[in-house]
Amino acid sequence: MRVFGVDPGLTRCGFGVVDVAANRSASLVAVGVIGSSSELPLSQRLLVISESIDQWLDTHSPDVLAVERVFSQTNLSTVMGVAQASGIVIAAAAKRGIAVALHTPSEVKAAVTGNGRADKIAVTAMVTRILKLKVAPTPADAADALALAITHAWRSGPGSTAAAGELTPARKLWLEAEAKARKNVEKSSKQRR
């Protein structure tokens, strides 16, 4: 399965393409970061991302696109930029009939490092190890894009192109475990009162 991971952003958008075999071994196909100057108008910055994603999708023909899910951040302008970049990327995949999956940062960290609170250094180290790279991918946006691709392949299973709205067996188990953990936390909070 070929998975294209995208760590969206206006200033830096990380792209990473990996091939993952049925035995979960992963190999690097391509990695890069697309940048746009903050001095450009928003429309031009989004155009840079649009043209770049079009070129990467046409060159690498992924089975599925894995994008970091926009999560809560305190900086509203950062969230807006990430959401706008995500929209451009998702629309480009949709035009080509490529399935899109969204993964939260904690899901990616947990899948790649075993710890949902791992720092960027740990994620980069594990991506380097998983892909058997001699040099770590830089900057962090590139490593994050590769981590997204690996996460999707590992969570969805061999040959699956399940998109965001389709729950894979692994995703169902994850959601059930999260719900159970939340109930346990709520229950223990009530008992303390």
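Placed from the backbone N, Cα and C atoms, the Cβ positions cover glycine too.
Per Swiss-Prot, active site is recorded for Asp7, Glu68, Asp141, and the stated evidence type is sequence analysis. Look at Swiss-Prot and you will find Asp7, Asp141 tagged as Mg(2+) 1 binding site. Under the heading Mg(2+) 2 binding site, Swiss-Prot lists Glu68.
Sequence features annotated in Swiss-Prot and their locations in the structure.
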residue : record      : DSSP (3 states)
Asp7    : active site : strand
Glu68   : active site : strand
Asp141  : active site : helix
Practice prompt. Can you check which residues sit near Asp141 (active site), meaning Cβ under 8 Å from its Cβ, same chain, 6 or more apart in sequence, and list them in order?
Written response: Asp7, Gly9, Arg12, Cys13, Gly14, Val33
Practice prompt. Around the Cβ of Glu68 (active site), how many other Cβ atoms lie within 10 Å? Please give the count over every shown protein chain.
Written response: 25
Worksheet entry | For Asp7 (active site), the number of other Cβ atoms found within 10 Å of its own Cβ | 27
